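Quick look at what TrEMBL lists:
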- B:Cys53, B:Cys56, B:Cys60, B:Cys88: [4Fe-4S] cluster binding site (BINDING)
- B:Lys90, B:Gln146, B:Asn171, B:Cys175, B:Met351, B:Gln355, B:Asn466, B:492-493, B:Lys515, B:Asp542, B:693-702, B:Asn777, B:Lys794: Mo-bis(molybdopterin guanine dinucleotide) binding site (BINDING)
- B:Phe769: substrate binding site (BINDING)
- B:46-102: domain '4Fe-4S Mo/W bis-MGD-type' (DOMAIN)
- B:1-23: signal peptide (SIGNAL)
Amino acid sequence: MNRLTTIFLSLVMAVAVVGYFVGLGDGVPKPDGLYDSPLLDRELSATVASEVKLIPAVSYAEIASTPMGPTKPWQGMPQALPGADYDLYTKIEPSEAEKEASSKLRASRRAFNGAPPIIPHPVENTTDAACYACHSNGVKMAGLKASVMSHQFLGNCVQCHAPMAPAPFQDVDASVDTSFVGLPAPKQGKRAYQGAPPTIPHSQWMRESCNACHGGPHGWAGMESTHPWRTNCTQCHAPSATLDQMPEADIVPMLPPLDVVAK
Amino acid sequence: MMDSKRRNFLKSAAMAAAGSMVAGNTSLPVVHADQAVDDLPTGEGMEWNKAPCRFCGTGCHVQVGVEDGRVVAIAGDKAADVNKGLLCVKGYHVGGILYGKDRLTQPLLRQDDGSLKAIEWDKAIEIIAKRIFDSPETFAFYGSGQWTIPEGYAAQKFMKGGLGNNHIDPNARLCMASAVTGFLATYGVDEPAGCYQDLDECDVLITWGNNPAEMHPVLFSRVTDRRSRGETVRIIDIGTRRTRTTDAANDYLEMKPHGDVAISLGIMHLLIENDNYDKSFVEKHCNFRGAEELTPTLQGEQISEDDFRKRIAKYTPELVEELSGVPADSIRMLADLFGNHDIRITSLWCMGMNQHTMGTAINSLVHGVHLLSGHFGRPGDAPTSLTGQPSACGTVREVGTLAHALPGGRVVAKPEHREQCEGFWNVREGSINEVPGYHTVKMFEQFTTPTSDGGDITTMFVQVTNPGQTLPNLNALFNDKKGLEDKFLIVSDVYPTATTALADLILPAAMWVEKNGMFGNSERRTQQWFKMVDPPGEARDDTWMTIAIAHKLFEMGHEGMKDRDGDFIFAVKDDDGQEIPVWEFDRYYDTNVDKHLFEEYRLFTTMKHKNLAPYEEYVKARGLRWPVVEQEDGSWRETKFRFSGFDDPFVKEGQEFDFYHSSSDDGRAQIWFHEYAPPPEMPDDEFPMWLCTGRVLEHWHTGTMTRRLAPLNRAMPTAYVEMHMEDAKAANIRQGEVVTIESRRGVCDLPVWIDGRGRPPRGTVFVPFFDETKLINNVTLDAHDPFSKQPDYKKCAVRVVKKADAKVSS
């Protein structure tokens, strides 16, 4: 009897619970898109990251509540012991192929050489601090790379760097029919002779930190300096006056030649 | 409790978005590169040259990299004082605006069946000239704050000097007309006294209904970068919604629409009550003024300080809280800041205070707050009105391309001003009509009213602007109507727009560095650039169009196109005194027409002490702020702080301040009193929400240029309606869902962005107007300020309806 009562009561409870939830889901659509953000969804962000090799940036306020630990693909990988810290003196042999691949990727994010790169990952309405969290020193992890800022800290990152479309509008066709052809990245600097240090083939403005691309642990493959321990780049590599908007001079001004009288 | 099906759907939607990211969105969504370019640019032989940016009123200078006749790169100009080498995301990509695939390249005439047919330029000019010749008084010229100074000057001279017709008005009427009336009412002369240096030196920055983090980002980061350098700047944001500017602000004061009027009155009330206003400044340099009771004018009438005290006494913090929604304590906080003379306070405003049915009043009141508190005229102490267009100041306000104005701060109503202009132009006496022409709203009303019903504008020429998207209440003022078959709309533009869609004749225009030009920015800075590349196809300069039409009329024997000596009014002579036929386009660049027009225009500028330097000085400089005055050594000196004795050469010797164009003729500025009045349309049961319209960082104005730039369109591909989460929830509206915005005047369908980039409070929605496929101005109100005639785009009553429930769909 006791047992029957227990079964009966559990049935009643089960029905009540089921009924409660059925009652909740009365078939009327709830505005449940409100709180959804692909950026805040742990599972989704893991998928996004593994699929497209991107890590979503969230706003600074949301960092605390956002899973920032190892992503699923990372966890799925055979783990090795951490390697040694970045070694300045590892021999670096940049390859042309790597350089070309890096150039291509960089070019795909700029309208022309010198344009501020667009932001290639989703951002919500982030503050600068959220950008800075990854991009101040750069991050390299499992094939993902957050570039180092090549210029000093400036407020309002999205003033210059255009983000992806806001979350609700990412499937809107944003294609543009244009005949604009931007200046491509220069391939290399000029050398006065074989073995001479090459000149800097691009402007230095907003690219004050050479290591952002050319060295350190977070540079671009194929563009790294072979001598990252050297810190005063312009000691050997001459910049361009024209590209750096120095005062113009068509002819390099010189003193007149010596007035040597022929005998 | 999200069911798994829905979760999967969401996931796959996100994946699809993510997938497209890989294909296109992580890089730039460019459809194709141009086959026309045989050799890709290499950077070899690239030439750099300076130009002001084409977009907003900040007036940044860019360096334009040109190779093989094409713009291939842009850089911030390090020599430019405005932007110091930085730009914003629009400026960095400004070079691409020349290269949209659908540039207009030939004149197009609408046929009877509604199609467009390419015609020759000669034919186009002839058609226009004939229409004007047949009915000169029913012709109207609608221009813009993007007219270069010479373009606006040529249009002005053609209309007022040549045709004796004052129906010329600019889109700036919709943009900063109330700023002008505010300056005139307060100082007797237009344009800000301070300059951008105020942003480097202020301790407190107050943004009044202003979002410079997005709209004037270079100026705003000039302030926030000071913080990065360790300086302290307190930013106070007064607005009707949270924006990116709010993110950087120390204080956010959320006000009800029109609350700004109450807030400024409340501050002045407290300054007087606490007795901490700047008595010495007020005593020496200010008068008090109020509106006349019967017919208020811009001049107003002088009132005593006592009278002012009496009138303002009722605006206690408690009343202001009730009117504005801003807590009384915050009003006290603002008043205490203004009462502290040891700090420097700069106010910034733009469309929030200008697109306002009390625009003149609120502009005057905020100037009044600064004057009463003495926060004026020291670097960092400035009421600063920003402009949205690159030459709203230079062309519209200084050249005076407004229905009532003449160049150099003159007005058609004053006989001596007309006489002076007729003298400078050497046109016959009495050429200039003394009756002001139609202001923008009136002009379009008359154009879209059938002639038989008194619509006495029959031909309109639109240059450099897009009224089909920007006018308020488009259904009333622009959209297609019956009974207008005899009307003729001529539009000069660079791309197809909402305006060319209804045009009878479309003229392809050269733009930006495809022509010579001059702009004048928000801080009185006049800038110059040279043509660097050729325009595509048959596209031609707007100045040339005006001159060619004028010359055709001259040939047809129109008397107004002749000066007193019988010469063509735009005659340009070479060094040997031979006339250069600049009306023939292949001869147009035989000389620098801009320079000729500018040198003629300079003569007008000294009356209001807005002296300009010779053209060649601007060639050398990255702009110069007027008054630019020649020094004893022959150099030209610009002025940073107008009316301040330490900097302005026109202030009387020994004076600390001198408002030398005072409307009371005593060197004093006017502190105005205006009574608070509620907005003309408020939410009610039928239309329960406020609608505010505005802009976003990535797009400029109607998006005709920026929406053809891949990086910008990728970042902001569509207009949207920003909504509060609770409002969306209550109406069962989801993120991204397309809804219908309805007002008494029209409808517009838009996708919803709940808690988007800006966050409006409950009961308010915000829509940017850049998207030509989603015309929010079908919904807005055409009520306007009584003095400036500027409409209010910032507030009207709407309802947001799910599409299935909408009565009419747009």
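Numbering starts at 1 and runs along the chain as displayed.
Heads up, the Cβ atoms here are built off N, Cα and C, so glycines get one too.
When the binding-site residues B:Cys53, B:Cys56, B:Cys60 are ranked by how far their Cα is from the Cα of B:Asn777 (Mo-bis(molybdopterin guanine dinucleotide) binding site), B:Cys56 comes first. Proximity to chain A (Cβ-Cβ distance under 8 Å) holds for the following binding-site residues out of B:Cys60, B:Cys88, B:Asn466, B:Gly694, B:Leu697: B:Cys88, B:Leu697. Helix, strand and coil counts from DSSP across the domain '4Fe-4S Mo/W bis-MGD-type' (B:46-102) read 10 helix, 21 strand, 26 coil. Predicted-model confidence for the domain '4Fe-4S Mo/W bis-MGD-type' (B:46-102) is 95, expressed as mean pLDDT. Annotation: B:Gly694 are the binding-site residues among B:Cys53, B:Cys56, B:Lys90, B:Lys515, B:Gly694 whose CA atoms are within 10 angstroms of the CA of the residue listed as 'substrate binding site'. Here the candidates are the binding-site residues B:Cys53, B:Cys56, B:Cys60, B:Cys88. The one whose C-alpha lies nearest to that of B:Leu697 (Mo-bis(molybdopterin guanine dinucleotide) binding site) is B:Cys88. Cα-Cα distance from B:Cys175 (Mo-bis(molybdopterin guanine dinucleotide) binding site) to B:Cys60 ([4Fe-4S] cluster binding site): 20 Å (rounded to the nearest whole number). The C-beta environment of B:Trp700 (Mo-bis(molybdopterin guanine dinucleotide) binding site), restricted to residues of the same chain at least 6 apart in sequence and closer than 8 Å, consists of B:Phe55, B:Cys56, B:Lys90, B:Thr706, B:Phe770. Cα separation, B:Asn466 (Mo-bis(molybdopterin guanine dinucleotide) binding site) to B:Cys53 ([4Fe-4S] cluster binding site), rounded: 19 Å.
Recorded residues B:Cys53 ([4Fe-4S] cluster binding site) and B:Lys515 (Mo-bis(molybdopterin guanine dinucleotide) binding site) have their alpha carbons 14 Å apart, per Cα-Cα distance.
Neighbours of the [4Fe-4S] cluster site: apart from B:Cys53, B:Cys56, B:Cys60, B:Cys88, residues of the same chain with C-beta atoms within 8 angstroms of the site's C-beta centroid are B:Phe55, B:Thr58, B:Gly59, B:Asn83, B:Leu87, B:Lys90, B:Gly91, B:Val94, B:Pro217, B:Val218. Each of the binding-site residues B:Cys88, B:Cys175 was ranked by the number of other C-beta atoms within 10 Å, and first place falls to B:Cys88.
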